[in-house]
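Novice: This structure is in structure tokens; I'll ask about it shortly.
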């Protein structure tokens, strides 16, 4: 058995690989078609013009689905490991809610392009990265609370390091973006896809774009830390049969006659 076949570790692996591929493929397509500059464009700029916009959208939608599945499995795992610890269970529910909001934000980013509906795109980015960073914080705190009985100290420190990497990228991107779009370097920069290194504001633009790529890969790195945990978990779907037909027939089956129909591993 390969390492990614153990338990449900294939989920975070698929999430990371697919998401990274969505960035890389749309970037390569945009570069080949000369829609953006080769030197570190915004990730969103690589998914603005067809055909890369179509590729970017559909791949990120799938990433959002994989993210939801991964976060749900993480929620069930923490719940199963700490059935009687109310503090951890509350944090776990909060984490799941934040994670689902972050995935919804990713869908917004995928389907509302920056150059077309900028403010909706920004809302999606805030949900994805802002709420997603809080999700990372909650999971880091959970890792701290579950050590050393459930989690090793090493995984806590790794997740804390990745979380700090994420926060520094957010701060850098926010500050450079505020400076860039403050009006000092011109207006309508949101629509600008090509930059000349001699232009004013180019340095702020590069800092902002590098920070965005750094932020995206900090998220992917965080989900890589789930792989070893997910190797130790599997889920089962259980279906209970309440009747012998699917029609609205008189209640001829009592609760004691409910039959277990399927119980298979996912």
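Glycine too: its Cβ is placed from the backbone N, Cα and C atoms.
Bear in mind that TrEMBL entries carry predicted annotations, made automatically and left uncurated.
Just so it is clear, the model here is predicted, and its values are computed rather than measured.
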Novice: In TrEMBL, which of the ranges 157-182, 235-260 has the transmembrane segment annotation?
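Specialist: When 157-182, 235-260 are checked in TrEMBL, transmembrane segment belongs to 157-182.
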Novice: From the ranges 36-54, 55-73, pick the one that TrEMBL records as transmembrane segment.
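Specialist: Based on what TrEMBL states, transmembrane segment spans 55-73.
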Novice: What range among 75-93, 94-112 does TrEMBL describe as transmembrane segment?
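Specialist: The range carrying the transmembrane segment annotation in TrEMBL is 94-112.
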Novice: Quick test of the contact rule: Cβ under 8 Å, at least six residues beyond the ends. What residues does that give for the transmembrane segment (55-73)?
Specialist: 8, 11-12, 14-15, 18-19, 21-22, 25-26, 29, 46-47, 95-96, 99-100, 102-104, 106-107, 109-111, 135, 223, 226, 230, 233, 235
